[in-house]
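Visitor: Below you will find the structure I want to go over with you.
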Amino acid sequence: MANPLYHKHIISINDLSREDLELVLRTAASLKANPQPELLKHKVIASCFFEASTRTRLSFETSMHRLGASVVGFADGSNTSLGKKGETLADTISVIGTYVDAIVMRHPQEGAARLATEFSGGIPVLNAGDGANQHPTQTLLDLFTIQETQGRLNNINIAMVGDLKYGRTVHSLAQALAKFEGNRFFFIAPDALAMPAYILQMLEEKGIQYSLHSSIEEVVPELDILYMTRVQKERLDPSEYANVKAQFVLRAADLAGARDNLKVLHPLPRIDEITTDVDKTPYAYYFQQAGNGIFARQALLALVLNADLAL
């Protein structure tokens, strides 16, 4: 069967159907079990990070190397011609597109990744995060981790906690889980950082249950997944940040009464919203979650760059 993701831009999780998501997750599981060190041996991939990143950039570049690809790019957009000389993003991408087989890009401006697709010369663009908008590859590793720990992606009770306004990971994850039946969402956030109305409207239109809460402890006994997020300091003014940064903090004691299968996830970096005593509980799974980024991103790269992928 032809691979539906071959040469496809991956900008939003909505670019992927449920069937596409399931294909990526099957491929990720296969690559985790059976490494393919020469799968992308003759490919060159650009890693273009116009915004700071640790886990996403390193896991993407590790994924590229472990599949045998050559990697070019930069980790700081301020040192490029765009940053130093005022070149437009359109011109930068137009040139990079002539050098490589795929472009992985992070940019602080919402919509930048979608814009890049118009100037890449048909070279596929993979969004590694654009402002507060979308982070589809984080969602793929989140889905992979949920499936790995729960054995399913349907009938999941998931709480999302913290900065639900600017946290692009929760926007993408809510949209992805809405493609699977029976999932229920519990949203816990300061009023100023509540889940955007368009996400709530999407859930309502699909008939998906959600509820708003003011504490973590009140919902813990009902949860399969507790998804913590940090407050996005870089997107708030200092006074706003001071008011909300410590409003929701998870401590080990808060997990009393949790189901045995509960896993605590976090896209990282963690600041102080999960205390270190949680790390020692059987519920903590955020470091393993980060490790799964390798396999989810390998799967996406493999599918986008291979017309007929059979693993």
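From the backbone N, Cα and C atoms, a Cβ is placed for every residue, glycine too.
Sharing the features that Swiss-Prot gives for it:
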- Arg55, Thr56, Arg106, His135, Gln138, Leu268, Pro269: carbamoyl phosphate binding site (BINDING)
- Lys85, Arg168, Arg230: L-aspartate binding site (BINDING)
Visitor: Starting from the Cβ of Gln138 (carbamoyl phosphate binding site), draw a 10 Å sphere and report how many other Cβ atoms land inside it.
Guide: 27
Visitor: Once near-sequence residues are set aside, which residues in the chain of Arg106 (carbamoyl phosphate binding site), 6 or more away, have Cβ atoms under 8 Å from its Cβ?
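Guide: Those within reach of Arg106 (carbamoyl phosphate binding site), by Cβ under 8 Å and sequence separation of 6 or more, are Cys48, Phe49, Phe50, Glu51, Ser53, Thr56, Arg57, Asn127, Ala128, Gly129, Asp130.
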Visitor: May I ask you to report the DSSP-based helix, strand or coil state of Arg168 (L-aspartate binding site)?
Guide: helix
Visitor: Could you give the Cα-Cα distance between Arg168 (L-aspartate binding site) and His135 (carbamoyl phosphate binding site), in whole Å?
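Guide: Cα-Cα distance, Arg168 (L-aspartate binding site) to His135 (carbamoyl phosphate binding site): 6 Å.
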Visitor: Which residues in the same chain, at least 6 apart in sequence, have a Cβ under 8 Å from the Cβ of Arg55 (carbamoyl phosphate binding site)?
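Guide: Result: Leu268, Pro269, Ala290, Gly293.
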Visitor: Check each residue in the chain of His135 (carbamoyl phosphate binding site) that is at least six apart in sequence and keep those whose C-beta is under 8 Å from its C-beta; list them in sequence order.
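Guide: For His135 (carbamoyl phosphate binding site), the qualifying residues are Thr56, Asn127, Ala128, Gly129, Arg168, Thr169, Ser172, Pro267.
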Visitor: Using all protein chains in view, find how many other C-beta atoms are within 10 Å of the C-beta of Leu268 (carbamoyl phosphate binding site).
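Guide: Excluding its own Cβ, Leu268 (carbamoyl phosphate binding site) sees 20 Cβ atoms within 10 Å.
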Visitor: Would you mind reading off the Cα separation of Arg230 (L-aspartate binding site) from Gln138 (carbamoyl phosphate binding site), to the nearest angstrom?
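Guide: Each residue's Cα considered, Arg230 (L-aspartate binding site) and Gln138 (carbamoyl phosphate binding site) end up 15 Å apart.
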Visitor: Among Arg55, Thr56, Arg106, His135, Gln138, Leu268, Pro269, recorded carbamoyl phosphate binders, what is the largest CA to CA distance in Å?
Guide: 16
Visitor: If we count other C-beta atoms within 10 Å, could you say which of the binding-site residues Arg168, Arg230 has the fewest?
Guide: Arg230
Visitor: Other residues near the carbamoyl phosphate site, CB within 8 A of the CB centroid of Arg55, Thr56, Arg106, His135, Gln138, Leu268, Pro269?
Guide: Ser53, Thr54, Ala128, Gly129, Thr169, Pro267, Gly293
Visitor: Would you mind checking how many other C-beta atoms are within 10 angstroms of the C-beta on Thr56 (carbamoyl phosphate binding site)?
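Guide: Here the count is 25.
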Visitor: Which number gives the other C-beta atoms within 10 angstroms of the C-beta of Pro269 (carbamoyl phosphate binding site), all protein chains shown included?
Guide: 9
Visitor: Quick check: in three-state DSSP terms, what is Arg106 (carbamoyl phosphate binding site)?
Guide: strand
